[in-house]
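Undergrad: So that we are looking at the same thing, I have put the structure below in structure tokens.
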Amino acid sequence: MAPGFVPSVSFRRARKTVSAYPATRGSVCMVVNVSGSLPERLDGVRGLATTEDRFRVLHVLVLSEELCDFVIEEGRKNGAESIRKYSESISVCKASKHNGGDLGWHTKQTFPFPEIVDVVSSTDPHTGVFKARSASGWHAVYVDDVKRAIELTSWTPTRTFRRTGQNLGKIRVKREQQEWNSYFIETHGCQMNKSDSERMAGELEAMGMQVARTMKEADVIVFNTCSIREHAEHKLYSQLGPIAQRKWTYPNIAVVVAGCVAQQEASRLARRVPEVDLIVGPQYANRLGELLQDVAQGNQVVATEASHITEDLSKPIRVGGISAWVNIIYGCNERCTYCVVPNTRGVEQSRTPQAIRAEIEELARQGYREVTLLGQNTDAYGRDLKPRVTFAELLRTVHDVDGIERIRFTTSHPRYFTKNLAETCSELSKVCESFNVPFQSGDTDVLKAMNRGYTVERYREVIRQIREEIPDAAITADTIVGFPGETEEQFQNTLELMEEIQFDHVHTAAYSPRPNTPGATMENQVSDSEKESRLRRANRRNEMDSLSRNQRYLGRVEEVLVTERNSRNEKQVPDFGDGSMPLVLLQ
């Protein structure tokens with residue numbers, strides 16, 4: 001492999017070109033570019049680029065306001081189903097009449113009824129049926145889905161840097177005669193990161209390495225990072241300090257920074273800690289082996305450019321042999337004002353149902369009994385596939401895999417959760433009665449400032465849909481307190497929502513400003529002391545509700561799945577019931 005070659009993960013491998021930024025007595029930073037602009041390349045693969053808002057609308061077009069009012073009244077009872085029901089029988093729109101009222105995906109420029117495009121494009125999805133008038137007549141409109149304009153994840157080429165007064169050439173040497181025999185991965189953050197670490201471990205073991213007992217014993221050291229919380233990058237730099245010093249003594253070790261902080265901090269990281277050999281974004285986790293081949297040539301490699309994720313051919317080294325993570329959708333198209341994930345994990349990219357089922361079948365052959373389907377927003381699965389596939393359809397596709405007894409999924413977004421999904425989960429016996437549906441705030445104005453795309457009433461509707469179909473479902477959630485501008489009254493609305501719904505558990509967090517997010521520059525930032533006070537009160541509410549919910553298990557006989565033994569006490573066997581409540585069995 002030629003020095004500086006960073007493998008592309010697009011389909012057309014022959015179109016790679018390489019730009020090298022020559023070192024001035026320092027390290028070399030390599031950049032990969034594929035011919036054609038970034039949006040053109042991604043759009044040419046599967047239409048992933050979204051450079052302007054796109055929306056999908058269902059409607060019934062009638063000639064009288066009275067008839068439109070009738071459809072809207074029906075819509076208040078049955079939502080989008082009313083549109084589909086009446087479109088064929090009474091709609092005069094030839095484009096959508098025989099398609100359930102579906103006009104398809106449009107931008108403001110392509111929407112066929114320009115008189116109502118402003119109100120349609122500014123309406124959040126799943127917020128009900130509303131009335132609008134155009135030159136063609138009266139519309140009963142339902143916004144089914146929205147893809148907001150997003151900026152594709154990319155990396156601005158870095159200059160080369162050198163450590164003042166020292167020659168990096170001494171530590172950045174070719175390793176053609178060197179061998180890496182061991183590795184150590186330190187993982188921070190969410191389940192997606194844990195899954196990525198399993199894939200990176202598979203790549204390293206495919207190169208002949210074995211996991212080291214400690215970081216000090218490893219030839220390849222990987223930090224898989226998370227950028228959700230404040231000061232995540234500061235923690236990383238403090239961890240890298242001793243490793244950088246060690247590299248000057250042992251130049252043959254390889255230092256890798258992966259994950260969301262790597263994506264977010266690539267340029268700054270290469271400058272501040274030039275001892276780092278490889279900076280790799282989440283979308284390249286399954287290409288770690290190829291990238292390390294370039295490091296072996298004496299190069300510092302940065303792989304954070306936006307990419308299309310091809311089907312994963314890596315063999316993850318999974319932790320445990322009972323329950324396994326299965327990625328179904330990468331990236332996120334939301335634009336929550338507090339969150340860095342879309343900037344670090346890129347646009348939504350769904351795996352095909354066939355590939356997902358094949359992976360689950362292989363897990364069953366290996367003896368796994370449970371799978372957890374992973375995505376930033378699992379219920380947004382399939383929006384980018386052609387033809388479109390819903391998450392409910394995916395659950396049906398994988399449900400009958402022999403040997404798999406339980407199917408879980410996380411996380412759900414209230415915008416995309418549907419009654420059909422709740423009904424599907426109720427119908428399929430292997431799907432666990434467990435739902436993680438973050439609400440983030442109990443106040444609609446705060447949700448709007450967060451750009452969450454739903455109201456508190458919409459969230460209540462989602463919970464009602466779940467409990468109507470699965471009355472005993474375990475429902476967990478996430479909430480953020482102290483978002484900029486949140487008043488005491490608005491925070492009280494959050495506490496009231498928690499008390500009303502009675503969650504099994506709520507993951508609470510005080511708002512922390514993240515780089516390059518709108519929330520970080522908003523006015524009326526809440527003081528740290530007030531955020532801490534609100535967090536304590538939210539935690540107290542959570543503890544009371546969780547205890548109350550857990551009382552329902554007293555005296556019941558539950559089926560559980562034992563996944564491991566407590567290494568400190570073999571008589572304690574941690575496991576999970578069907579509702580995801582952690583239990584400890586005493587033998």
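The chain as shown is numbered from 1 upward.
Every residue, even glycine, has its Cβ placed from backbone N, Cα and C.
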Undergrad: Look up region 'Disordered' in TrEMBL and report which of 82-104, 105-127, 565-587 it refers to.
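TA: That would be 565-587, per the region 'Disordered' entry in TrEMBL.
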Undergrad: Cβ under 8 Å to the compositional bias 'Basic and acidic residues' (528-546), counting only same-chain residues 6 or more beyond its ends: which ones?
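TA: Distal contacts: 479, 481-482, 491, 494-495, 498-499, 502-506, 508-511.
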Undergrad: As a test of reading the model: what is the averaged pLDDT for the domain 'Radical SAM core' (318-548)?
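TA: Over the domain 'Radical SAM core' (318-548), the predicted model scores a mean pLDDT of 93.
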Undergrad: Using DSSP, what's the helix, strand and coil tally for the domain 'MTTase N-terminal' (181-297)?
TA: 64 helix, 23 strand, 30 coil
Undergrad: Under the DSSP assignment, what numbers of helix, strand and coil residues are found in the compositional bias 'Polar residues' (518-527)?
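TA: So the compositional bias 'Polar residues' (518-527) is made up of 4 helix, 0 strand, 6 coil.
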